[in-house]
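Right, one structure below, let's go through it.
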Amino acid sequence: MGTYDYIIVGAGAAGCLLANRLSEDPKVSVCLLEAGPSDRNPFIHIPAGFIKVGHDPAYTWDFQTEPSEGTNGRNVVTRTGRTLGGSSSINGFNYTRGQAQDYDDWSALGNPGWSYAEILPYFKRTERRVGTHDPKYRGSDGLLPITDCDWRHPLCDAFIESAAQIGLPSHIDYNAGSQYGAGYYQRWIYRGRRYSAAKAFLKPARSINNLEIRTNAHVTKLEFDGKRAVGLRFQTSPDSPIHAMKARREVILCAGAANTPKLLQLSGIGPSALLKENGIAVFHELPGVGENFHDHFMVRSVVKVKGIETLNQTARGIKLLGQILKWATGRPSLMAISPSVSFAFASSRPEITRPDLQFHFSPGSYAAGIAGKLDDFAGMTLGFYQLRPESSGYVRLRSSHPFDLPLIQPNYLSDPVDRQVVVDGLRMARKLLHASPLAPYCEVDDFPPASAVSDEELLDCARQRGGTAWHFMGTCRMGKSPAHGAVVDAQLRVHGLEGLRVVDASVIPLMTSGNTGAPTMMIAEKAADMIRGNPPLAAESV
């Protein structure tokens, strides 16, 4: 099926950006493989279409977590993108870099080149910040447009005012300087359309003759010559023929924090006991593959609203047609908003010196508390998660069959620190909802119920209703020593092997404080320089 200099597995946020950067060199050939279909579905490109495509198995990996005490024995359904653009084509498109300390902590673990001063130039190179911004922190020449929400709702404004009443500054740039405060989210939406990684990075690269993009290519195994990765196998369906592909220079895994470790394990790379248990010959023992799984544990409160129209009414019938007309003519419209419209970053306790909670607010509500179907009543949603949970889990093979989804165990709330923070978060959510700007709109606020007062009662509420924020990371973590769980080094090369790198959210050693799309693109931007042998961008101290 061909030989290329670089083969990239996975066309998500990292894979699309990396394909663009590597194909800039006309002397090399690049092949980008995506397990899912093309991104031609129009609902992918309409921001409000996340209601459709975010739950469509044609464009998502339909993962389920294993039951645990943290979810009261429930399986949690969680989906990631399976199309060109990956999750950037189906998610909530909120752009959140995290905190400077996140990256300084990466560096302190023994990962040179990953401090905040050293990665800030890569954030800036990726983005084109539209509107007023501080050039010390923000980029203006990148391919990914980042915009402010131009659609406003009185409930969002009331939420921001409620946050101010409990001491949070308003309308901050949470991607510059301090994250502490509240406001409207920044998004990768431009001129009313979703700007996925595929649109931002693949579209301008498609005309380049040295880049080939293949969809419906499910990679089943990596191929090696000695300890060097030299290619892979893939199929288009479980019953289809097996195709082979060769790489002259490198195979680069960008399949995400669930599928990247699974592919390594299928190829005999990982914990030996797990591989033997599934009848897979151990090719290269690497105990950390699939370990250190992290996700944000989201708890949502849905509130029945009085005295004001919410998305639940505006997005129906003739009113929806009016919103579509506004969107089609370039005016602010709910067709171009994200699932969470407003944010607040806060500290769970006064002694916490940096935010450890992120609140998401929407002037609408969804059946069962997730995006997919609007409630019939007027409603609003306030959700939150702990930014840097201590609890960690794992991703493991379910079987040796390459089309079987992996086993995912996040171990939500297994650490006592996380249990305390989620209780504190529920108490802060109550304060926000009961503050004078929002309180007049609250008709029924029954989660957590008023009877839940003690820590244990609030914790039980979180266990009953909490779930994923779709922020998988950490399963091939970056670090110095495989003996201490590291899978890749600071150059993102798999320890003990040649010609094989991992460039996606699975390399993140410690969780970032917020959504994962922006950090993942930054990682790919930096990796492109590493792979091409370019000197790193100069560090920028701010």
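Glycine is no exception: its Cβ is also placed from the backbone N, Cα and C atoms.
Whatever TrEMBL says is automated annotation, not expert-curated.
Listed in TrEMBL for this protein:
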type	residues	note
BINDING	V219, W470, H471	FAD binding site
DOMAIN	81-104	domain 'Glucose-methanol-choline oxidoreductase N-terminal'
DOMAIN	256-270	domain 'Glucose-methanol-choline oxidoreductase N-terminal'
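Here the features listed in TrEMBL are placed on the structure.
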residue: V219; record: FAD binding site; Cβ neighbours (10 Å): 25
residue: W470; record: FAD binding site; Cβ neighbours (10 Å): 21
residue: H471; record: FAD binding site; Cβ neighbours (10 Å): 25
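Mean model confidence for the domain 'Glucose-methanol-choline oxidoreductase N-terminal' (256-270) is a pLDDT of 99. Reduced to three states, the DSSP call for V219 (FAD binding site) is strand. Look at the domain 'Glucose-methanol-choline oxidoreductase N-terminal' (256-270): DSSP puts its residues at 11 helix, 2 strand, 2 coil. Residue counts for the domain 'Glucose-methanol-choline oxidoreductase N-terminal' (81-104) under DSSP, split into helix (H, G, I), strand (E, B) and coil, are 9 helix, 2 strand, 13 coil.
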